[in-house]
Amino acid sequence: MKILIDENMPYAQALFSQLGEVILKPGRTLTADDLIDVDALMIRSVTKVNDALLAKANRLKFVGTATAGMDHVDQALLRERGIFFTAAPGCNKVGVAEYVFSVLMVLAQQQGFSVFDKTVGIIGAGQVGSYLAKCLSGIGMKVLLNDPPKQAQGDEREFTELETLLKQADVITLHTPITRGGEWPTHHLIDAAILEQLRSDQILINAARGPVVDNAALKARLQQGDGFTAVLDVFEFEPQVDMELLPLLAFATPHIAGYGLEGKARGTTMIFNSYCEFLGSAHCANPASLLPKAPVPKVYLERAWDEETLRTLTQIIYDVRKDDAQFRREIHQPGAFDLMRKHYWDRREYSAVTLAGGADCHLAPLAKLGFQVEVCDEPTI
């Protein structure tokens, strides 16, 4: 049995080699010839699964994507050909939420505001948007949710109309899939008309899919130079990046928002376990068992946390400025976008760190943000 896997999928070779012969190749450049005599295909979002890719897939029975998004896969085509498909919904939600939170904490420091004075509008209330809302509201921040499809399906959460959210939110963060048809298409959801409505003191973050924002219109909006802030982890035509847009962005990164080590391990193990079930195999993987020990496993707090403490704690684990600096330094080199993703550092999630302190430290909200917490009277570092 041959299993073709994106070479950037962590832990995949060790896991899938238990089931058959593993072939590793760059996901973005897979061709139809690569799928000859292949039984299973394991990919990430850079691989487009379509009729052209499957033209010579004479034995393919299973496709798994170790990502939450699925817009890169023609699922109707797979159903037509009798090929089983699975994804990893929610695998990256923690990493994306922590990316957004890092952006907020750094911008608050740079622009001189408190995150607790800002209203965050979350467009897209799926796995990522919902988790982000839970984290932010858990520490006392005000959140607005917008998701017309979920609202129409009877989701009982409180939703805000897009027009209202755009007016009331200080921060607008995007977490939708990319859709081009239907009643609520998200392609160019944030277009020139909407961008012109946004105030100079508002912040726009896109960590969803590049084409959700019209990048040409965004560039024109930022060129007005009125203080409007935009952050992009995804670009409309990635891996190509508009070099005129780049210097106008507060932060820019190469589609790595969800690239926490835990998230990547979850994605790989989710599709591995699904493939084992498909085969009727007894093998099973737990993502926690794959992870190394955190560099800073425990931090002791001597007093109740405040915003500055929160900034310090979160930046110990992840500071978006590190990725932004590397992106701007290296993006001009050939193939840099994919190389930065391929060789991305072992970023951890907040859950890798335990915060310890007395009852007067009020650690419960930090647990909602994702940290492990331990109430104790003495330092136990």
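Sequential numbering from 1, following the chain as shown.
Every residue, even glycine, has its Cβ placed from backbone N, Cα and C.
As the structure is a computational prediction, the values presented were derived from the model and not from experiment.
According to Swiss-Prot, the protein carries these features:
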type     : residues                                       : note
ACT_SITE : Arg209                                         : active site
ACT_SITE : Glu238                                         : active site
ACT_SITE : His255                                         : active site, proton donor
BINDING  : Ser45, Thr67, Tyr259                           : substrate binding site
BINDING  : Gln127, Val128, Asp147, Thr176, Asp233, Gly258 : NAD(+) binding site
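Overlay of Swiss-Prot feature records on the structure.
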| residue | record | Cβ neighbours (10 Å) |
| --- | --- | --- |
| Ser45 | substrate binding site | 22 |
| Thr67 | substrate binding site | 26 |
| Gln127 | NAD(+) binding site | 19 |
| Val128 | NAD(+) binding site | 29 |
| Asp147 | NAD(+) binding site | 23 |
| Arg209 | active site | 25 |
| Glu238 | active site | 19 |
| His255 | active site, proton donor | 21 |
| Gly258 | NAD(+) binding site | 24 |
| Tyr259 | substrate binding site | 24 |
Largest separation between Cα atoms (Å) of residues that the record links to substrate, namely Ser45, Thr67, Tyr259: 12
Beyond the site residues Ser45, Thr67, Tyr259: chain residues whose C-beta lies within 8 Å of the centroid, for substrate: Arg44, Ala66, Ala68, Gly69, Asn92, His255, Gly258, Gly267
Which same-chain residues, if any, lie at least 6 apart from Asp233 (NAD(+) binding site) yet have Cβ under 8 Å of it: Tyr99, Ile205, Asn206, Ala207, Ala252, Thr253, Pro254, His255, Ile256, Ala257
Euclidean distance between Cα atoms of Thr67 (substrate binding site) and Arg209 (active site), Å: 13
Cα-Cα distance linking Glu238 (active site) and Asp147 (NAD(+) binding site), given in Å to the nearest integer: 25
Rounded Cα-Cα span from Thr67 (substrate binding site) to Gly258 (NAD(+) binding site), Å: 9
Set of same-chain residues at least 6 away whose C-beta sits under 8 angstroms from Thr176 (NAD(+) binding site): Ile123, Gly124, Gly126, Gly129, Asp147, Thr186, Leu189, Ala208, Arg209, Val212
Most distant Cα pair in Å, residues Gln127, Val128, Asp147, Thr176, Asp233, Gly258 binding NAD(+): 21
Pairwise CA distance, Thr67 (substrate binding site) versus Gln127 (NAD(+) binding site), rounded so that it is a whole Å: 12
For the residue listed as 'active site, proton donor', the three-state class that DSSP assigns: coil
